[in-house]
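For reference, the structure discussed in these notes is given below.
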Amino acid sequence: MLEDLIVSSLAGLATAVGALIVILFKKIGEKFIFSTMGFAAGIMIAVSTLELIPEAAELGGNFNTALGFTLGVILMYLLDIFVPHSHIGSGEMENDEKSKFKKMGYFIFLGIALHNLPEGLAIGAGFEAQKSLGMSIAIALAIHNVPEGMATAVPLLAGGVSKLKVVILTLIAGMMTPIGTFIGMLLFQISESFIAIGLSLAAGAMIYIVSDELIPHSHSGHSHWGNFGLLLGFLLGFLIL
């Protein structure tokens with residue numbers, strides 16, 4: 001279990017990596033942001049469709065797989081309603097005053113921290129099924145967490161929050177991932193049906209993230225770069241799975 005929690009922690013730490021990129025490079029090119037989001041989307045589609053759903057169906061049958069997928073979508077939808085979070089490049093970020101930047105940054109931090117809990121659950125479900133599957137989910141979510149960390153850092157820095165505090169906040173948000181993993185590994189030890197529901201729940205959550213966040217935002221500017229990143233991410237996911 002300890003090794004699995006370490007892997008999950010590293011996936012969570014990618015949130016802080018995103019913040020460090022903003023701090024070190026200051027001006028991040030839009031092409032890089034859009035292609036990174038597309039790449040994360042491609043990886044997550046590959047993991048969900050080629051690994052999670054087939055494995056869930058094999059372990060628990062079609063009904064449990066459909067149930068878990070639906071629960072994953074509903075969970076992420078409810079989180080988006082009650083704890084929405086903004087993204088890099090939104091007009092709201094660019095036009096607000098400094099004090100509002102700071103407030104928005106803290107709100108985004110809270111949203112991402114809470115969103116990381118079900119992502120941790122997904123990693124836990126994967127590890128309970130098989131090590132390689134847990135690793136694949138962790139890699140996919142780590143790539144996704146980089147732009148999330150960037151989205152947290154941009155408004156906080158614009159609001160006057162110190163660089164050290166921004167890094168600490170993104171580390172805290174990232175550490176919600178292994179907490180979710182620990183909870184997931186306890187829950188999904190009960191039966192194979194629970195593991196199947198957990199795997200398909202992870203797939204539903206990841207597909208929701210892709211369709212609601214990554215693809216729309218990767219196409220909001222340089223759509224060709226977003227498409228290129230998505231195709232590259234899917235191909236890489238296909239090769240490593």
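Note: Cβ is positioned from N, Cα and C throughout, glycine not excepted.
Pulled from TrEMBL:
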type	residues	note
TRANSMEM	6-25	transmembrane segment
TRANSMEM	32-53	transmembrane segment
TRANSMEM	65-83	transmembrane segment
TRANSMEM	104-127	transmembrane segment
TRANSMEM	133-154	transmembrane segment
TRANSMEM	166-188	transmembrane segment
TRANSMEM	194-211	transmembrane segment
TRANSMEM	223-240	transmembrane segment
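Highest Cβ pair count under 8 Å relative to the transmembrane segment (65-83), across stretches 6-25, 32-53, 104-127, 133-154: 104-127. Among residues of the same chain six or more beyond the transmembrane segment (223-240), those with a C-beta under 8 A of the stretch's C-beta atoms are 31, 34-47, 50, 136, 139-140, 143, 215. Remote same-chain residues near the transmembrane segment (6-25) are listed as 112, 116, 119-120, 123-124, 127, 134-135, 138-139, 141-143, 145-154, 157, 163, 166-167, 169-171, 173-178, 180-181 (criterion: CB distance under 8 Å, separation of at least six residues from the stretch ends).
Recorded stretches compared: 104-127, 133-154, 166-188; the one with the most Cβ pairs under 8 Å to the transmembrane segment (32-53) is 133-154. With respect to Cβ pairs under 8 Å, the transmembrane segment (133-154) is most closely packed against 104-127, considering the stretches 104-127, 166-188, 194-211.
Sequence-remote contacts of a segment are chain residues at least 6 beyond its ends whose Cβ falls under 8 Å from one of its Cβ atoms, and for the transmembrane segment (104-127) they are 4, 7-8, 11-12, 15, 52, 72, 75-76, 79, 83-86, 92-93, 96, 133-138, 141, 144-145, 148, 151-159, 161, 169-170, 172-174, 176-185, 187-188, 195, 198-199, 201-202, 205-206.
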